[in-house]
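Student: Dumping the structure here so I can ask a few things about it.
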């Protein structure tokens, strides 16, 4: 056990240490008990700092924009490792990642109740599924935006030989998806509230960060303990700035026509998906659907949305502005950007400033028994055994891609 | 004795709220807090009630949208009539989604009935066997497709994200990639063109893209009967068009091809010359939705996703860069930022005219601006019997239309077949606002002037 720990420490120590909190930067890897103890102290301090982080959020837009190495959250940690966290329960799974509810091992006084969501990605699976680029984008975008009131905060990231880790704040309310499916549909004030918080997220991502999110859907939106939204899963998020990008990604029902046709896409895809999302909030299902995915895509490029007769004219006007096939006419992408969306009459009751500062009461405040309550999350199958190993050849070929993690 | 944990949680939540809001009337604030807590807990409870006692009622649309007590807004309380209605609301969450292991049998049979051989089937592109709800699959009532009624059979499961290989146009320029080309007779080309013409993935292609895609299709002989060209559940990378021969299509309810005599599952259709299958593979790598086997020696044409998407990407990329380059040459637009230029490039529309077309006419009201993308054109003015100017690739004209409604100062007539990129004044303004404001940016006399006061400035 002890040797394993030393091995891990050595491995981390070699990997490009640049943390300024470490005084002896150029010294050789820890060799004696004294260095070991210093290392442990660093780790304990870092764990304590992370546990106390919540008190200080949310950051103002100016604070978020600070270089990620200076910011108190979102940094790449050279001292944390999986053993610092006790895995409590799976919160979600993907094709190459699993998210766990975790608490700190050996917590300091006052940190005992602090929980996080830890996203674990196995390098083998990331490589096999050709997601290396997406995973790097995800970490970098999350680091850049950490501290935004409605985006999941990546407190830190780290890695070991086999896996990549993203330590995220835990959002105990669960997915908007679950509430929406249970309710079948949201009423108009509820839809407006959630839609408005999403508009603030997209405005920030597009206009402050130049980032296209590319996977908007109710499954990726969580409700926090106070009833506000948190956007999660930045696996497809990409800093595009003013260049278009071409890789097809997203969720079938939410793909924009220009993604399907491969003519190049940018932030405008999020406004399309936002229109689909508002429609799904109000109607209970997205506008384009078929059992056969190719038929969905055919409908999307056709772009004819049918509205239930009971939908309010304002809502209809907003959705048809967003779900416009021609990007040069799409609301959100045309002159005014997100501001034009915010000015739409469907949002006339929203106080945008109060909303950003979380002063508006959310329509659903989850009922919770303590900070580690997982009742709002579904049960997931345990992790399958006997996965492929991340062997020396793979390490040789791929580890350079992960150095910043 | 310690306090009950539920109580402690409520109190600490209240404490947080108090700290945040700093209310002057503490008692009223606390009372409001607990009322809200009660309200949201009650709403959640009622929902779970409703969820566990589903009834068929056909009320699904009638409660839309405003009277659902779920998620009560800050201003609204719990409405009794709303609760009543909620209980009657229909829930229908048994239908499989495009991401479930289902197969659109009805569509398949329909297209088989349609014997025109126009490549019309192939609608089982793929599925993701991530959720296994095919047991609960209900047959879709015909009324669901009817234009007035809304399909109430939407899949209620979590939807899986999809993605294709990352494609990077800049590296492809370094690679000097050219699409593969496989020689075909003109009859073969015509047949292929007809076979894919009904497919929306091909119908948007321009002539050049279309020629490249058809050229890239590769012949694949299938020497005997009984060969499984694609296997249900396998990864899908290729799209196929049948040149000659015949194939049967099978679906196994388990979602994948299994061993043993019945492993293929049920035969759901067949496909012959001019037919095609597996087109979802042109979008991303999804497991195959069916198994296709040859029933006689046959010939197929095959196209892989990366080639297809790269052809589309490269031509789109080159066209955008070309347009951006052209736009940089227009003095009227010289103050556009690169971001604005790329937006305008994105909005430019390509149009083709045969030789001898009058593209703009002297004296007409100008509404659009043109860039000559290929071909040549001549400029004429009234009273002068020969051309006063010639335009070639990269030249632009009619740009003053973006600025004002003055009549065209000359006519432009194509001398060869031409391709132009064009944008209307309304399109320009929709994206960037009035062009006057943009021009004003590099007018030194306006420096330091407050934009908000200037009626011509770009409003932002």
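Any Cβ shown, glycine's included, is placed from N, Cα and C.
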Student: Could you check which of A:10-46, A:47-83 is flagged in TrEMBL as region 'Disordered'?
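Tutor: Based on what TrEMBL states, region 'Disordered' spans A:10-46.
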Student: With Cβ-Cβ distance below 8 Å and at least 6 positions apart along the chain, what are the contacts of residue A:119 (ATP binding site)? List them in sequence order.
Tutor: A:97, A:98, A:99, A:100, A:165, A:166, A:168
Student: Across the whole of the domain 'AGC-kinase C-terminal' (A:348-405), what does the mean pLDDT come to? Round it, please.
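Tutor: Within the domain 'AGC-kinase C-terminal' (A:348-405), the model's average pLDDT equals 85.
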Student: Where else in the chain does the region 'Disordered' (A:371-396) make close Cβ contacts, counting only residues six or more beyond its ends and a cut-off under 8 Å?
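Tutor: Distant contacts of the region 'Disordered' (A:371-396): 88-93, 98, 101, 103, 113-115, 122-125, 127-128, 161-162, 170, 172-175, 178, 223, 225.
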Student: Over the span of the domain 'AGC-kinase C-terminal' (A:348-405), count residues by DSSP class, listing helix, strand and coil in order.
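Tutor: For that range the per-state counts are 16 helix, 0 strand, 42 coil.
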